Amino acid sequence: MLGFLLQRLLASVGVMLVVTVIAFTLFQFVGDPVNQMLGNEASEADRSRVRAELGLDDSVATQFARYVGHLVSGDLGQSLRQGRPVAEMFMERLPATLELSLVAGLVAVVVGVVMGVMAAIRPNALRARLAMLVSLAGATLPSFLIGILLIVVFSVQLHWLPSYGRGVTTAIGPWTTGLMTGSGWAHLVMPVITLCLFQLALIVRLSRTEMMEVLKSDYIKFARARGIPESRIRYRHALRNALIPVITVAGLQLGTIIAFALVTETVFQWPGVGMLFVESLAFADIPVLAAYLCFVSLVYVAINLFVDLAYLAVDPRLRVSAT
């Protein structure tokens, strides 16, 4: 068990090291930070002074060591566009992205498992066909198109839901949330649907397939032969085993949701870190872009590690092999 954990931790450190190198490369080869800060009209003396202040005249190895040290200490640098600490800008935007992503992930898992199990138990029923139709739509339609269609129908035509922004938020210490206000929930509905639909499609299909396979297994047949009620067989025995691969996919999809929330945030003008990334991309604000890359990678690594541990806890066969 301890060896398994150490192996996963070392792999996670290796992934983050590779991502750090990529992020550092952005500083070296993408854009000119001095030009971004001073503009084209700055004198050569001013450029030399700023390069010295930023440490750009040092060797690449020295710059990389300094960059890693700053990352480890939580110093993500200064925004070239706003002149503010990147960490401060991220902390302002992070609650919005996490709120959107976690709600979307929860909806995708709960609704997806329910729809997938229903489709597996009665595959020819109307609700099973509707579930697969929703799954097909979520897998084929691009998320930005789904968002635009929702805005046209529910905001422009019906005037039921707001089309942009986060609504009224409440501050809880340094954290801001819209989950405690009706306006916040109203602004959350369409972005959540847009963001979760593709992930929901995957979970519906996976849950359906796994549940159908488990229901055909020998131990389920023996349980039926013993006269165990069908509802107990389905929801206590079969569902538990069918959910094991779903846990892995759901965890990985949460990382995907956070990473690709920037498309949804752009469509709905949701003030999260994804929107910050898009805004910084237009100005080639390299410190913000590099910080976003490191943030997304850290989320993926952390979620993968958590999923591995959760998988280990759920499946006793893995606990035996890990020891």
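Backbone N, Cα and C atoms are what each Cβ position is placed from, and that goes for glycine too.
Positions annotated as transmembrane segment by TrEMBL: 9-30, 100-121, 133-156, 185-206, 242-268, 288-314. The domain 'ABC transmembrane type-1' annotation in TrEMBL covers 94-311.
Within the same chain, the transmembrane segment (133-156) packs against the transmembrane segment (242-268): three or more Cβ pairs sit under 8 Å, each pair at least 6 residues apart. When each of the listed stretches 100-121, 242-268, 288-314 is scored by C-beta pairs under 8 angstroms to the transmembrane segment (185-206), 100-121 comes out highest.
Non-local neighbours of the transmembrane segment (100-121) in the same chain are 127-128, 131-132, 134-135, 179, 188, 191-192, 195-197, 199-209, 211-212, 215, 234, 239, 242-243, 246, 250, 253-254, 257-258, 261, 264-265, 270, 272; each lies 6+ residues outside the stretch with a CB under 8 Å from one of its CB atoms. Long-range contacts of the transmembrane segment (288-314) within the same chain, counting only residues at least 6 positions beyond its ends with a Cβ under 8 Å from a Cβ of the stretch, are 1, 4-5, 8-9, 12, 15-16, 19-20, 22-24, 26-27, 30, 71, 76-77, 79, 81, 86-87, 89-90, 243-244, 247-248, 251-252, 254-255, 258-259, 273, 276-277, 280-281, 322.
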